[in-house]
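Engineer: What TrEMBL lists as domain 'Cadherin' is 173-255, 256-370, 379-450, 451-554, 553-661. Summarising the annotation, TrEMBL assigns transmembrane segment to 670-692. According to TrEMBL, the region 'Disordered' annotation covers 721-796, 809-828. Taken from TrEMBL, the feature compositional bias 'Acidic residues' covers 722-731. Marked as compositional bias 'Low complexity' by TrEMBL: 809-826.
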Amino acid sequence: MDGRGAVVNTTLVKPKERLPLVLVDLQCFSQNQFHFVPLSTPHPTPPLFLPVRFVDCGRSVRLQYKSSDPADFRIGDDGVLYAARSFRVPGAQPVQLVVRAKDEGSEELWQTHVKLTPTTSDTPQVREILFPPRHADGSGVLKRMRRDWVIPAINVAENFRGPFPQELVRIRSDRDKNRLLRYSVTGPGADQPPTGIFIINPISGQMSVTKPLDREQISSFHLRAHAVDLNGNQVENPIDIIVNVIDMNDNRPEFVHQIWNGSVPEISKPGTYVMTVTSIDKDDPNSANGILRYKILSQTPESPSSNMFTINNKTGDIITVAAGLDREKVQQYTLIIQATDMEGSPTYGLSNTATAVIKVTDVNDNPPEFTPDTITGGDTFGLFSVPTDPTTNEGLVTVVKPIDYEMSRTFQLTVVAENEEPLARGIHLPRQSTATVSIKIIDVNESPEFHPNPKLLRLEEGTPSDSVLTVFSAQDPDRFMQQIIRYSKLSDPANWLNIDPANGRITTMAILDRESPYVTNNMYNATFLATDNASGTGTLQIHLLDINDNAPYVYPQEAEVCEKPDPNAINFTALDRDLSRNAGPFAFELPTEVRRNWTLTRLSGEYAQLSLKIGFLDSGIYEIPIIITDSGNLPLSNMSYLRVKVCQCDHAGDCTDVERIIAAGLGTGAIIAILLCIIILLILVLLFVVWMKRRDKERQAKQLLIDPEDDVRDNILKYDEEGGGEEDQDYDLSQLQQPDTVEPDTIKPVGIRRLDERPIHPEPQYPIRSAAPHPGDIGDFINEGLKAADNDPTAPPYDSLLVFDYEGSGSTAGSLSSLNSSSSGGDQDYDYLNDWGPRFKKLADMYGGSDD
C-alpha cells in the first residue's frame, strides 16, 4: 500500500442478495510498495463474510489493520477483510472504504482504498489453483521453476447452513491437456479424522466442503492436493492448501462465576480497588467477536448514591467512584455486571450478566458510649436488667435478651442499689448497697434449626428425576435431650422434591423446569419440617439456570393481507420462553415449497416481514409454515405456522369480505364429511326402527293359536311337572297336517332301552297319502294314524304319535301315551289334580272323574 493508495475493485452481490466470497491477494514487488492482484471470484458463501486479504510482504513485524467503517467492515489480524454484519447494498452504487495498516514497531503508516461494487452476474465463478508452472532445462526436460509458489489460503465461514456440498476451489494441472488426470486431497478433514469434510471431484478437480464448520473445534485445515495419471503415477508434486475457518459471532460471553464476592472497607476513598470479574468468549479473541467490554447495569441499594462503583470496561476491575461507604447504614451492595462481545456493540454484540456482591467491612470509626449499670456482675452478655419501679421503688429483675439453657443453667447476679440523692449530712454510710441474685434457668424443648436457613442452590433446569440435590439437615439446640429428628415436606408447590425422613437428603421426583408457573424470577422455594417433640421449618431456594429447552414460535399467529400486492406485507416476531441468551436473535426461513407465493425478509434479530410474492392470490385462509431458530448454545428450531387471511381490500387497505373468509374457514371437504356423518347416523336410526318393528311382528306371528289359558303345555312348563318340559315350543303345525313328509328316524343300534323307548324294529309302512294340503282336521289325522298302527302287525304296542316326534327330541319327561291306549295308566287316581287350582283343571277333567 503506497502513499497514493491502490484501489481494489471487488464484487458484491446484487441488492437484496447475500454477499459473495471475494478473495483479493497481494504480492510485493519492492519494499514498502504494494500491488493488488484480484483473483477470480469463487461461489457465494453465507453472509457476514467478504474476505479481502492484505499481506505484509514478508515483514518480520506485525501490522495492525483498521477499517474506516468498522460497523460494517472489519479486518482481522490475518489481514482478512470481512463484513461485520449482514446488510443490503442500496441501489447499484459502490461502497468505498479506507483500509489503514500500521507498523507497530516503527509507527509507519500505509493506507489503501477498497471499492465494493454490486455484481451484474448471477453466475458465480470458481477460483482455480494451478500446480506450479515448469520450464525446460538445457536437456529439454521440463522441470519446476525454483521459486516460491504461495497458494493463498481458502477462507470458509463457520456455521454455514448450505446447500452442501459447497464448492471452494478447483485444482488443475496444465498437463491435463494431453492426458487424463485424477485429482485427490489428503490430510485431516479429507482422508484423515475428521474424514469426509472436504471432497474433490477426481476428474474436474473441484474441491468442496460437505458440512458446516465450527471454528471453536478446528480453526484451520492443512490439506495437500495431488495429481496422478490413470495408472496412478504422480505427474505433479503435491501442493499445500490451507483452509481457514472464519469466525462468526456465535458464542455469548460466559462469566467464570455467576456470583462474585468481594469486600471494601467503609469510608474508603474513591478509586479503591474492590475486585475483578472475568468473562470468557469462545469466539476468536483476536477478532471483534471475542473482544469483550464490561459495564455495570444496576446497583442495589442506591444509597447514598446510585453510582458508588465503576468498572474498567476492558479488564473488569471494579473500583469505588464515590465517598460515603458506611457499614452501619449499608452493609452490602449488589451489582449486576454485563459483558458484551463485538467490543461492547449494543447492536451486534452478544451479552451475558453476572452478579457481584460487595460487603462493606467494619473499621473502628465509632468511639465507645457508656451507659449506667445497675447490674455490676454476673451478667456478661447483658441478658438482664433491673429497672426501678417508680411507684414502689422496687427493683425488677427482667430479661432483655433470649436465654439459652444450653449455654448456662444458672446466673449469679450482683445487684447494686444506690440512692439518687446523697445521704443526709452526718451519716457516714456508703451511697450504695449490693445484693446477690441467683437465677435458675428451666430447660424447655426447642425446635430443630436448619443451617443455613434459607439454603440456596444453583442448578440447571432439566435436572432429571431421582437426582440427589443436597442434604438439608437441622440441629437440635436441646443438647441435653436425647431426641430423634424426622424430616418431611411442608410446601413443595410443583411436587418436584422428596426428602429422606431420616437424614434430610433431598432428591428430585420430576424434571426441574424453569418455565414452570411455580418458578418466580428463576427461583423455586420449598419448605421442609424438622420434627422431634417440636417442629422447625427450613426453606430451600433453588435458583434454576436457563437452558435452551424451548423452541421459538411465531407471534402473532394470525394476520391479514390483501389479495393484491398493495399493501401485502406482514411484520411479525418470535417468542421464546427461554431467557434472552437462549432466545434472540432469531433466524427466520421459509420452506422451499412456500417460496413460490411468499417471500420472507429478516428485519432484525427479533422481527421479520412476510409479503406476497405473486401479483394476485385468491381470498381465503392460508397456513404459512415458518422455520424459526433461536441463538442459544445448541440452537433449537421450530416450524411454526402463521395463519394468514388473504382478502379483498378497500382503498384504505381494510378487508371487505370478512364474512366470506369466515365461511372459508371451514373447508369444503370438512362440510362434506359432516353431512355424510349426519346421513349415516339417520340411516342407522331408520334401520334400527325397522328392525324393532319387524321383531315385534315376528313375536306376534309365533304366538300359539289357542288361548293361553287353555295351553296345557305352558301350564305344565311353568310348574315344571314334566321334568324339564319340551325343548322346542315353536311348533310347525303343517307337519301334523302332512306327516308323510316327515323323514323317518335313523334306526338305532341294538342295545338296552327303556320301556317307553321305541324298539329297533323296522319302521311301519303307512298308507301313502297325497302331497296335497291336508284338510286341516288334526283330530281325523291322529285317528287315521292310530288305526294304521293298530292294523300293522309289525308296529310295536306304542303310541304311533311318537313317529312324528312333534314335541321335540330328547324330552326328559318321556312320551305321553295315547288317550285311548289301554296302557295309559287308567288305574291311576288323578282326583288330586282338582286340588291344584284352576291351571290343572283341564288335566283333572281329562284324567280324573268318571268314564264319561
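Note that Cβ sites are derived from N, Cα and C of the backbone, with glycine treated the same way.
No curator has checked TrEMBL annotations; they are predicted automatically.
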Engineer: With DSSP as the reference, give the number of residues of the domain 'Cadherin' (553-661) in helix, strand and coil.
Structural biologist: 10 helix, 52 strand, 47 coil
Engineer: Which whole-number mean pLDDT does the model give the domain 'Cadherin' (451-554)?
Structural biologist: 89
Engineer: Going by DSSP assignments with H, G and I as helix and E and B as strand, what are the residue counts for the domain 'Cadherin' (173-255)?
Structural biologist: 4 helix, 36 strand, 43 coil
Engineer: Can you work out which residues elsewhere in the same chain, 6+ from the ends of the transmembrane segment (670-692), have a Cβ less than 8 Å from its Cβ atoms?
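Structural biologist: Result: none.
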Engineer: Summarise the domain 'Cadherin' (256-370) by DSSP state, stating how many residues are helix, strand and coil.
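Structural biologist: Helix, strand, coil within the domain 'Cadherin' (256-370): 7 helix, 48 strand, 60 coil.
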Engineer: So how many of the residues in the domain 'Cadherin' (379-450) end up helix, strand or coil by DSSP?
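Structural biologist: Looking at the domain 'Cadherin' (379-450) with DSSP, the answer is 0 helix, 26 strand, 46 coil.
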